[in-house]
Amino acid sequence: MGMWWIVAVAILAHTASAAVREYAWEVEYKFGWPDCKEGMVMAVNGQFPGPTIHALAGDTIVVHLTNKLATEGLVIHWHGIRQLGSPWADGASGVTQCAISPGETFTYNFTVDKPGTHFYHGHYGMQRSAGLYGSLIIDAAKGKKEPLRYDGEFNLLLSDWWHEDVLSQEIGLSSRPMRWIGEAQSILINGRGQFNCSLAAQFSSTSLPTCTFKEGDQCAPQRLHVEPNKTYRIRLASSTALASLNFAVQGHKLVVVEADGNYITPFTTDDIDIYSGETYSVLLTTDQDPSQNYYITAGVRGRKPNTPPALTVLNYVTVPSSQLPTSPPPETPRWNDFDRSKNFSKKIFAAMGSPSPPETFDERLILLNTQNLIDGFTKWAINNVSLTVPGTPYLGSVKYNLRTGFNRSSPPKDYPVDYDIMNPPQNRNTKQGNGIYVFPFNVTVDVILQNANGLNANASEIHPWHLHGHDFWVLDYGEGKFKPGVDEKTYNLKNPPLRNTVALYPYGWTALRFVTDNPGVWFFHCHIEPHLHMGMGVVFAEGLNRIGKVPDEALGCGLTKQFLMNRNNP
């Protein structure tokens, strides 16, 4: 069938319940019309978004990834997969592997250990912004049942879309003065959005016309077809590069049952906030008037929205799918109502029977998030260090003890106690660094994410932070500056949710706890694409003497290239 097709074969593995799911993927640019305007998208086997992977817990996934880009490297990160025993397959360029060069093929091989809603995306440069993403859905292992009951399911991948190409965005962010990327032109649902027209034009105060579509239009919305009096699972994943979103279904309640691949105590809501990197499952019961259709909306939160909400339609099959709803779509909550956002986050608790966190921590980091300058270039920094990932992947440097691969001095574990988080920094300058935090195996680490003001007054933003290789417990959110010895008293140690992505709110702090039980080197960073590009991240290493075999092809660049050549040709 050739490399252009997904192999999509399930080969029986050594156990009766697990399978090997093997794929051959080629990534290249193609012209597309994500929001009815032509642009370049990154496609996997010609598809945008990329193909959805479906697997069962315990299965092994093998992806032979060929880079067909003419001038760019390539990696894919399997977001939410812990990569137990396979840290080299995490897909973080410069951290766990070398970028795949044009024309080369790299094979990812990893096991998915538990059911959940996940996705994958590019993790080299800002290729996620260019459309390199797709869904990764893990169902319960054969013979096992999930604690959820529903009649059908839908998978919705949410993203934002710019008409300016990603290379231009990267150059602008790295210019002096910085040229900010601005707000997205469109919000996409499963890679489809509408620019300069609206599905709800008749209710809009703007002059946008009603969208009209021809057969086969790539930007035509995918309607969700449902039967009356059924319950459906809607899996949501946000691969946005910048936008925080609010998701709602007109006239219908949502029961939230899963967050970042972990079951939670179900709760009912009218809408949910979803930040870049987060995933959820909600249950929706079709108990409304079956003679009507209903809007589904995803609108911008956390930033002043210059991007119209994405719209599609929940279609009761008792009426034509082309019939538009007769009342306006749900209104996205006010963008800067952060109290509302925090109240939603604080409703999320682990499901009964979930593992509880250790009672105390062994080590603690307090990470101050600031915006600064380096020689006039705008950067983001953590404890006054703006991260620059080295040319030799960290995993290779620590595996083969290459002392010059990066700065072996640990970055600061705290920040000055007199720092004023409410105002622009008195010292506007920062420095670049590539040091990492190294932990022993199987210790408990607390991370306090501390937000602050940016370079301009009254400018503190939401930052969704994502940890590779782990789930962590979200112990608490707080206002102002974290107070050691005081704020720990409010921690939820009974049923905190397990997440891999969490929001850091303006002028506040978020407390996390995780156990260093996964030998490897793991990225921890803001999931907003331009913020990571500008240095907002750190790297954790743990259990370094327990890292197993790493395929040579993962590390064939930088200092490890010569090391491997010398080792293989003594």
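Please read every residue number as a count from 1 along the shown chain.
Heads up, the Cβ atoms here are built off N, Cα and C, so glycines get one too.
Taken from TrEMBL, the feature signal peptide applies to 1-18. Positions annotated as domain 'Plastocyanin-like' by TrEMBL: 28-141, 154-316, 423-542.
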Across the domain 'Plastocyanin-like' (28-141), DSSP labelling yields 3 helix, 53 strand, 58 coil
Over the domain 'Plastocyanin-like' (28-141) the mean pLDDT stands at 97
DSSP puts the residues of the domain 'Plastocyanin-like' (423-542) at 9 helix, 55 strand, 56 coil
